[in-house]
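Sharing the record's features from Swiss-Prot:
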type	residues	note
MOD_RES	Lys16	N6-acetyllysine
COMPBIAS	24-46	compositional bias 'Acidic residues'
MOD_RES	Ser28	phosphoserine
REGION	58-135	region '8 X 8 AA tandem repeats of X-T-P-X-K-K-X-X'
MOD_RES	Thr69	phosphothreonine
REPEAT	75-82	repeat '2'
COMPBIAS	145-170	compositional bias 'Acidic residues'
MOD_RES	Ser157	phosphoserine
COMPBIAS	189-217	compositional bias 'Acidic residues'
COMPBIAS	241-273	compositional bias 'Acidic residues'
MOD_RES	Lys400	N6-acetyllysine
MOD_RES	Lys429	N6-acetyllysine
MOD_RES	Lys514	N6-acetyllysine
MOD_RES	Lys522	N6-acetyllysine
MOD_RES	Ser616	phosphoserine
MOD_RES	Lys643	N6-acetyllysine
COMPBIAS	647-696	compositional bias 'Gly residues'
MOD_RES	Arg653	asymmetric dimethylarginine
MOD_RES	Arg684	asymmetric dimethylarginine
Amino acid sequence: MVKLAKAGKTHGEAKKMAPPPKEVEEDSEDEEMSEDEDDSSGEEEVVIPQKKGKKATTTPAKKVVVSQTKKAAVPTPAKKAAVTPGKKAVATPAKKNITPAKVIPTPGKKGAAQAKALVPTPGKKGAATPAKGAKNGKNAKKEDSDEDEDEEDEDDSDEDEDDEEEDEFEPPIVKGVKPAKAAPAAPASEDEEDDEDEDDEEDDDEEEEDDSEEEVMEITTAKGKKTPAKVVPMKAKSVAEEEDDEEEDEDDEDEDDEEEDDEDDDEEEEEEEPVKAAPGKRKKEMTKQKEAPEAKKQKVEGSEPTTPFNLFIGNLNPNKSVNELKFAISELFAKNDLAVVDVRTGTNRKFGYVDFESAEDLEKALELTGLKVFGNEIKLEKPKGRDSKKVRAARTLLAKNLSFNITEDELKEVFEDAMEIRLVSQDGKSKGIAYIEFKSEADAEKNLEEKQGAEIDGRSVSLYYTGEKGQRQERTGKTSTWSGESKTLVLSNLSYSATKETLEEVFEKATFIKVPQNPHGKPKGYAFIEFASFEDAKEALNSCNKMEIEGRTIRLELQGSNSRSQPSKTLFVKGLSEDTTEETLKESFEGSVRARIVTDRETGSSKGFGFVDFNSEEDAKAAKEAMEDGEIDGNKVTLDWAKPKGEGGFGGRGGGRGGFGGRGGGRGGRGGFGGRGRGGFGGRGGFRGGRGGGGDFKPQGKKTKFE
């Protein structure tokens with residue numbers, strides 16, 4: 001290796017000085033002076049190669065690393081020349097540029113000052129020179145392949161011409177790997193043919209430099225965009241390979257490695273766009289994944305039940321086909337005298353639904369749970385889907401004002417055709433509310449009309465629709481038939497001595513009369529009178545209202561809030577606590593003249609409702625608005641208009657009970673300032689506010705302390 005370096009010394013010096021100053025040929029004999037000139041020429045030539053700078057961006061990669069490593073060990077310029085000649089190694093300009101090219105990597109390894117100065121220029125010419133290096137060397141075949149590669153690169157570079165001027169330093173890293181192929185063989189051929197071909201090559205160099213500049217610049221820019229980071233390690237690897245100039249196989253391996261690196265770089269460039277598009281693809285994939293389970297759900301739930309009487313059947317054998325399962329399930333129920341309308345199975349065939357003709361068949365079918373179908377014990381239960389809830393709500397009634405001691409059996413005696421009764425309780429105590437489910441919607445409507453106001457355990461029950469009907473009922477205030485026109489009158493202030501026969505004489509067109517009684521068989525002071533049509537009920541209301549029966553003036557109202565749609569001087573208050581007194585009731589409506597609570601004659605206990613009289617309809621209206629949705633003694637009361645029994649007093653003062661410091665407590669009460677009662681100072685309740693109202697305004701809500 002040392003001998004080769006010496007031989008390359010003399011020859012390399014002559015080559016370096018040859019191109020610009022032809023004095024190199026004359027001074028080739030003196031080696032020491034050429035070394036000095038090489039150093040000086042390297043500095044001067046830095047300016048010259050800048051024009052060709054973009055050409056060699058890629059080539060110097062391997063050469064640069066090798067030159068530096070050898071520079072540190074052997075300062076002679078001979079080795080610099082030996083490694084650098086890529087393709088144009090023989091050409092003198094190539095050698096001149098080679099010396100600076102070696103300095104390119106120096107910023108990391110050697111002096112930083114030289115590296116900065118030479119970075120743009122050296123690498124650029126190094127790439128251009130290799131083009132001729134292979135012609136004089138033994139690797140003529142390699143030169144041809146390199147030229148082909150350059151042509152291919154030129155084609156690729158045409159696409160990237162717009163980006164030529166970007167990143168001058170990055171390009172050398174990628175392309176510098178290829179020209180090194182001919183590097184080891186080039187110096188050997190130069191020793192034999194340099195003297196003969198130098199003149200010719202110099203001329204050729206000058207002619208081709210102009211053309212090669214454009215070609216190389218295009219090539220380097222095309223690959224210069226690629227990330228240099230991956231190619232850098234390959235340079236270090238090439239250093240070890242280039243030290244052994246006699247092994248051509250290693251050069252071939254370098255070529256393969258370089259091609260792989262180039263491919264990797266190309267892939268990186270191509271991957272930049274997909275990375276941006278990836279989120280979109282991922283979103284599509286995510287939506288597809290999300291849509292999949294929904295599609296399954298639709299397949300399972302897609303078929304609507306043919307009847308409202310359906311059961312869920314689980315633990316089916318999924319190894320059987322749909323037809324086999326349907327046939328087996330139908331046969332099972334047919335053997336038990338149950339007619340099946342339809343059988344629907346899920347997509348996984350592990351469960352399904354069975355539709356029956358009637359509620360009786362459904363109840364009988366529930367008893368068959370645990371029987372085997374294709375070796376599996378089936379599970380039968382009522383479905384809990386949204387559709388079944390709507391169906392059940394349509395045929396279910398809500399019963400209110402029930403006795404707290406009422407039982408399901410007692411309700412069953414009243415609602416004989418009820419399919420299910422559910423009492424609502426809290427902390428083990430009944431809330432006086434129950435849900436009564438019937439077999440059909442028609443049965444529910446029939447019971448609402450017939451049993452509305454029925455006395456159960458000493459209390460008059462109030463019935464309401466549930467579900468969508470119940471919501472409409474609340475908006476319209478109708479508690480009677482679904483048509484909204486009540487055929488029933490509610491008679492209040494009835495004498496306790498009055499009987500059903502007495503009322504039949506007064507209301508001749510009545511089709512049904514009910515006089516509720518207490519457990520002791522005594523009348524409660526009110527009655528329900530049903531007529532054949534709404535017109536008959538309305539006629540009786542107009543003709544018999546305020547009629548005196550057995551010493552008392554009766555009050556008639558159409559059942560439901562429609563009967564009390566017109567304001568009067570009297571409010572009907574329902575939902576009172578058993579502990580509420582007339583004094584408390586009157587104080588709750590401060591503008592009231594009088595208040596009375598309906599009590600049982602025998603026991604003297606409250607019936608849960610009462611009446612409050614005012615001096616005028618305006619005062620009553622203001623009080624009603626103030627106490628709407630209000631509470632009295634912890635019970636939420638319901639207000640409605642009633643026909644006054646007597647004349648009022650001296651006028652009301654507005655807001656309801658409560659307010660700051662009132663029964664409503666610190667939160668404003670029901671009638672105070674800002675309270676739910678909407679009464680009080682400036683409230684809808686009117687004049688001066690409720691008992692607790694009108695005081696200092698305290699903002700509602702949580703307090704925030706700042707330390």
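Positions of Cβ are set from backbone N, Cα and C atoms, glycine also.
Are these features on the surface or tucked inside, and what touches them?
Across the repeat '2' (75-82), the model assigns an average pLDDT of 40.
The Cβ neighbour count for Lys400 (N6-acetyllysine), using a 10 Å radius over every protein chain in view, is 17. Under the three-state DSSP scheme, Lys400 (N6-acetyllysine) falls in the strand class.
With a 10 A radius on its CB, Lys429 (N6-acetyllysine) counts 8 other CB atoms from all the protein chains. DSSP assigns Lys429 (N6-acetyllysine) to a strand.
Other C-beta atoms found within 10 angstroms of the C-beta of Lys514 (N6-acetyllysine) number 20, with every protein chain shown included.
The number of other Cβ atoms within 10 Å of the Cβ belonging to Lys522 (N6-acetyllysine), over all protein chains shown, comes to 14.
Other Cβ atoms within 10 Å of the Cβ of Ser616 (phosphoserine) number 16 in total over all chains. Secondary structure from DSSP puts Ser616 (phosphoserine) in coil.
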Looking at the modified residues Lys400, Lys514, Lys522, Ser616, whose Cα is closest in space to that of Lys429 (N6-acetyllysine)?
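Of all the candidates listed, Lys400 is nearest in space.
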Given Lys400 (N6-acetyllysine) and Lys522 (N6-acetyllysine), what distance in Å do their CA atoms have, once rounded to a whole number?
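About 22 Å separates the two Cα atoms.
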